[in-house]
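**Q** One structure coming up, written as structure tokens, with questions to follow.
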Amino acid sequence: MPTRQSTSWVFTLNFEGEIPILPFNESVQYACWQHERVGHDHLQGFIQFKSRNTTLRQAKYIFNGLNPHLEIARDVEKAQLYAMKEDSRVAGPWEYGLFIKRGSHKRKLMERFEEDGEEMKIADPSLYRRCLSRKMAEEQRCSSEWNYDLRPWQEEVMHLLEEEPDYRTIIWVYGPAGNEGKSTFARHLSLKDGWGYLPGGKTQDMMHLVTAEPKNNWVFDIPRVSSEYVNYGVIEQVKNRVMVNTKYEPCVMRDDNHPVHVIVFANVLPDLGKLSEDRIKLIRC
């Protein structure tokens, strides 16, 4: 299976007792982290490596035997801010090295939006809506907190997400009764950097959203009213890493070297006539 590589990673390190000392070395360009408490004590942090090809194994190695959960940081500036947010902070933040910003056209568009959103709304309503959507998502991400004890099924999901994704496994969270915390957990999970949220829908609409962020992990939160119409085709496209967008300007996106996590939250069991049983990791609420 291809190995994930990146310059920038975000990490969460759970601990008990004394705050762990992080032994960063010359392979690290920059790091920031802080002590947070949301149900339990943990360090939340962000690391930039000097090498653009730092693997997950190499990133874990610098923690000298500690066992953090690491994910690739898609937006370095947002990741840095999230690692130093005031909400849930107990101590810190602490920094190591020199942070390197990335110039981006996206940031320039957001600067235009912030400076004169009303003008953008008139001149380009579509661009305005996209910028507004991104801003609202960032605000939610920065203010997101999980102030509940994890239920056993939620802990099981988190353990699965600590493993490397593959091209087949689909995590299916099944809870027929309702009020088990599926949607709340799905929304919280989708606010993590590198994750997207889909409530179901038509293939064209869903794939248009997926191909806008093709490297994301994806949460499919299926409403009870749509349980009979789960879009298995989209789920398989995302897992198989060959994604077809036929809306507006048809295109095919291939991402063969980058498997992602896919989680379905539903009130129904998977239809084994539409997904092979060996693909499903079933978790019951």
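Even glycines carry a Cβ here, placed using N, Cα and C.
So Swiss-Prot says this about it:
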BINDING   Glu36, His42, Asp87  divalent metal cation binding site
BINDING   Gly175, Pro176, Ala177, Gly178, Asn179, Glu180, Gly181, Lys182, Ser183  ATP binding site
DOMAIN    3-99  domain 'CRESS-DNA virus Rep endonuclease'
MOTIF     10-13  motif 'RCR-1'
MOTIF     52-74  motif 'Nuclear localization signal'
MOTIF     82-85  motif 'RCR-3'
MOTIF     99-105  motif 'Nuclear localization signal'
**Q** Roughly how many Å lie between the Cα atoms of Asn179 (ATP binding site) and Glu36 (divalent metal cation binding site), rounded to a whole value?
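**A** With distance taken Cα to Cα, Glu36 (divalent metal cation binding site) is 28 Å from Asn179 (ATP binding site).
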**Q** Go through Asn179, Ser183, the listed binding-site residues, and name the one with the sparsest Cβ surroundings, counting other Cβ atoms within 10 Å.
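**A** Each of the binding-site residues Asn179, Ser183 was scored; lowest Cβ tally within 10 Å is Asn179.
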**Q** Rounded to a whole number, how many Å is the Cα of Gly175 (ATP binding site) away from the Cα of His42 (divalent metal cation binding site)?
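**A** Answer for this pair: 29 Å between alpha carbons.
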**Q** So if I exclude everything within five residues of the ends of the motif 'RCR-3' (82-85), which remaining residues of that chain have a CB under 8 angstroms from its CBs? That is, six or more out.
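**A** Non-local partners: 10, 32-34, 44-46, 92-93, 141-142, 193.
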**Q** Six or more residues out from either end of the motif 'Nuclear localization signal' (52-74), which same-chain residues have a Cβ under 8 Å from its Cβ atoms?
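**A** 3-13, 20, 22-25, 27-28, 43, 46, 158, 161-162, 164, 192-194, 215-216.
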**Q** Mind telling me which of the binding-site residues His42, Asp87, Gly175, Ala177, Gly181 has the densest Cβ neighbourhood, counting other Cβ atoms within 10 Å?
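**A** Output for this query is His42.
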**Q** Can you list, in sequence order, the residues of the same chain other than Gly175, Pro176, Ala177, Gly178, Asn179, Glu180, Gly181, Lys182, Ser183 whose CB lies within 8 Å of the CB centroid of the ATP site?
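**A** Along the chain, the qualifying residues are Asn267, Cys285.
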**Q** Does DSSP give Ser183 (ATP binding site) helix, strand or coil?
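**A** Reduced to three states, the DSSP call for Ser183 (ATP binding site) is helix.
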